[in-house]
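In TrEMBL this protein carries:
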type: ACT_SITE; residues: HIS127; note: active site, pros-phosphohistidine intermediate
type: BINDING; residues: LYS21, PHE69, ARG97, THR103, ARG114, ASN124; note: ATP binding site
type: DOMAIN; residues: 13-150; note: domain 'Nucleoside diphosphate kinase-like'
Amino acid sequence: EFQLSSSLLRKEVEQTYIMIKPDGVQRGLVGEIISRFEKKGFLLKGLKLFQCPKDLAQEHYKDLKERPFFPNLIDYITSGPVVCMAWEGDGVVASARKLIGATNPLQAEPGTIRGDLAVQTGRNVVHGSDSPDNGKREIGLWFKEGELAQWESVQTPWLIE
Ligand code: ADP
């Protein structure tokens, strides 16, 4: 009997790279921030605490390398451990950006992570990919092959009809 597994039949599921920045780790916000994505119903596919080397920070933020704040940004991201995460689900990239809120925490709506937990753009506690293509690119940058888990949550049928 010939059967294709559902994961082969399904089209590729969207993934986003979410990172708790060093200020979020130092301020004890790791559990709080992870909770927001967990409670929303996205699927956690990768998770690690990681001290980011300078060259990786520069590669991750390469589109900003001409900006005046770039050197400070690289110092900030490499100033302590970050929490790297890959989250999966339909529409996860845009939805995670909404959960995170505006880049400037003073402009971020209450209820968002930055709106509730941060005050300055240069210390805005969390990163989220800005497009599905960047989600793929960034997960590829921050995770090695084999670091992502292949699993399905028992909650899935209670989240998606
Ligand atoms: P986002 O993280 O919301 O996608 P950007 O891609 O514009 O925002 O910027 C990436 C990160 O660079 C920001 O999250 C912030 O940490 C930093 N950054 C952006 N603009 C500034 C700024 N004017 N001053 C200091 N840091 C900044």
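In case you wondered, yes, glycine gets a Cβ from its N, Cα and C as well.
Caution: TrEMBL annotation is automatic and unverified by curators.
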Site extent for ATP (largest Cα pair distance over LYS21, PHE69, ARG97, THR103, ARG114, ASN124, Å): 22
Integer Å distance between the CA atoms belonging to the residue listed as 'active site, pros-phosphohistidine intermediate' and ARG114 (ATP binding site): 10
Listed binding-site residues with Cβ under 6 Å from ligand 1, out of PHE69, ARG97, THR103, ARG114, ASN124: PHE69, THR103, ASN124
Three-state composition of the domain 'Nucleoside diphosphate kinase-like' (13-150), taking helix and strand from DSSP: 59 helix, 26 strand, 53 coil
Sparsest-packed of the listed recorded positions (LYS21, ARG97, ARG114, HIS127) - C-beta count within 10 angstroms: ARG97
Neighbourhood of ASN124 (ATP binding site) by C-beta distance under 8 A, where only residues 6 or more apart in the same chain count: LYS21, THR103, ASN104, PRO105, ARG114, ALA118
Cα-to-Cα gap, HIS127 (active site, pros-phosphohistidine intermediate) vs PHE69 (ATP binding site), nearest whole Å: 16
Set of same-chain residues at least 6 away whose C-beta sits under 8 angstroms from PHE69 (ATP binding site): GLY122
